[in-house]
Amino acid sequence: MTHNKHSVILSIAGIFLFLMIILSIIHGLTKLTHPVLAGICAWLAGILLFKRVSRQQKYQVWIIFTIGLLGIIFSLSQNNQAVLSAAISINQAVLAMLASVGFLRLVTQPRLQKHETLPTGKSALLRTLYGVHLFGFFINMSVLVIMGDRLAAQQHTLSRQQAIILSRAFGMAVLWSPFFAAMAVVYLYIPHINFLLLMLMGFPLALCGLWLTGRALNGEAESESFTGYPMHFAALWIPSLLALCVVITHFLLPQVPVLTLITLLPLLLVFLVLSLRHGGRSAFQQFYTHITHGLPTMSGELLLFLAAGVMAAGISGVLQVLAIQLPLSQFGFIEASFLLIVILSIAFIGVHPLISITTLSPLFLPIPHDPNLLGMTFLIGWGLGVSGTPFSAMHLMMQGRFHLNTYTMTRWNIGFTLKMIGLSLFVLYSYDWING
């Protein structure tokens, strides 16, 4: 009975999340619905799924939520009523995008063929490195579970080189993937940002990070016996088509928010592919199964984003009421460098980059700034924090799943992170110089 009740709760939560997606899309396309409606669906799902998250996540969510709630109460006492609707709906577009992109797993999984053995050697190392990056670009942390589980099947853990490849290849995808929360959050919190320019700035940084990793690991003696994952890159044609559709549709319909396109198009494309492969009836069944079983698995992300939305609304409300501003006359390379170091430093002690962006963006937005420089700074801070800090969601997941110490993984990546900080500062300086 308890199991059945639990399954019903998960199913209801999944349906609320799907309603959130639909309402968010309708708002983005037509403005016929208010974003608060999508936000309410997200909160109802969050309440139902709260028991699913770990104790550590619950503490984090409560702390973030409480800080935001205090700010909201203060703002309301000063007649700033807008904070209430903002707290409910501010992150609904990002959550809808994350939930929608999750449907890609139904048609894009780098699975092994039957009886397929794992490749070894230096070429396997490079193919695994770039494969994790490319598949991770589209299906996010799912790639770590799929590939990591297979690589760790015999030893129940990952080798040092395998762990490094998974963490760095995934972290570099954050720098330019429009299907990650990082890009969506930056786009949402910084007005007038150029989405495609942000991708073009992050792409060469990601390539440099992959090249540095491949060069360093292939120079080690153990690379000769490295066990990798057999990549079937043909499976990438569907998500590649999706990315192309997003770019073309954004060009044809510039008035439609990019987040709305990235939320709508995966649903249409995945349903079309499933219908062509298995028929419409089977496509509906797989969609429903993912809604009731797949969507509830995003409980951790859901609650973090909901709490962060409350904190962002609360802090913004307090700043508006008190008229607090940073004593800066501009936001250029020097300010961007300082901001990047601050984001990485507080990420090292456990502050999620999402919290950094929601907290710091209201302080920097009133300052005359180039939105792309500010956005890229936040994006780099998030991307480098994934592999370079011990409390990133990726490292915590790898610790729980593969029994790897988060501080050990951070130590393995510290030299790489410092090099990437140097390269990132060069990119930020170059952009500021060209546009200055």
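Each position is counted from 1, following the chain as shown.
Cβ from N, Cα, C; glycine included.
Here TrEMBL flags 7-26, 32-50, 83-107, 128-148, 168-190, 195-214, 234-253, 258-276, 302-324, 336-355, 375-398, 410-431 (among others) as transmembrane segment.
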Long-range neighbours of the transmembrane segment (168-190), counting only residues six or more past its ends (CB under 8 A):
90-91, 93-94, 97-98, 101, 104, 129-130, 132-133, 136-138, 140-141, 143-144, 198-203, 205-206, 209-210, 213, 243, 246, 258-259, 262, 301, 305, 312, 353-354, 357-358, 361, 365, 371, 374-375, 378-380, 382-384, 386-388, 394, 413, 416
Please work out which recorded stretch in 7-26, 83-107, 195-214, 410-431 has the most C-beta pairs separated by under 8 angstroms from the transmembrane segment (302-324)?
83-107
I need to check the long-range neighbours of the transmembrane segment (83-107): which residues 6 or more away from its ends have a CB within less than 8 Å of a CB in the stretch?
17-18, 20-21, 24-25, 28, 34-36, 38-40, 42-43, 68, 71-72, 75-76, 138-140, 142, 179, 181, 184-185, 188, 238-239, 242, 257, 259-260, 262-264, 266-267, 270, 273-274, 277, 286-287, 290, 294-295, 298, 301-302, 305-306, 308-310, 312-314, 316-317
Quick one: do the transmembrane segment (336-355) and the transmembrane segment (410-431) have at least 3 Cβ pairs under 8 Å, skipping pairs fewer than 6 apart in sequence?
yes
Intrachain neighbours beyond the transmembrane segment (7-26), with Cβ under 8 angstroms and 6 or more residues off its ends
32-33, 35, 37-39, 41-42, 44-45, 48-49, 92-93, 95-96, 99-100, 260, 263-264, 267, 291-296, 298-299, 302
Out of 128-148, 195-214, 375-398, 410-431, which stretch has the largest tally of CB pairs under 8 angstroms to the transmembrane segment (234-253)?
128-148
Could you give the residue numbers and ranges of same-chain residues that sit at least 6 residues beyond the transmembrane segment (128-148) on either side and whose C-beta is under 8 angstroms from one of its C-beta atoms?
98, 101-102, 104-105, 108-111, 158, 162, 165-166, 168-170, 172-173, 176-177, 179-180, 206, 210, 213-214, 217, 226, 228-229, 231, 233, 235-236, 239, 242-243, 393-394, 397-398, 401-402
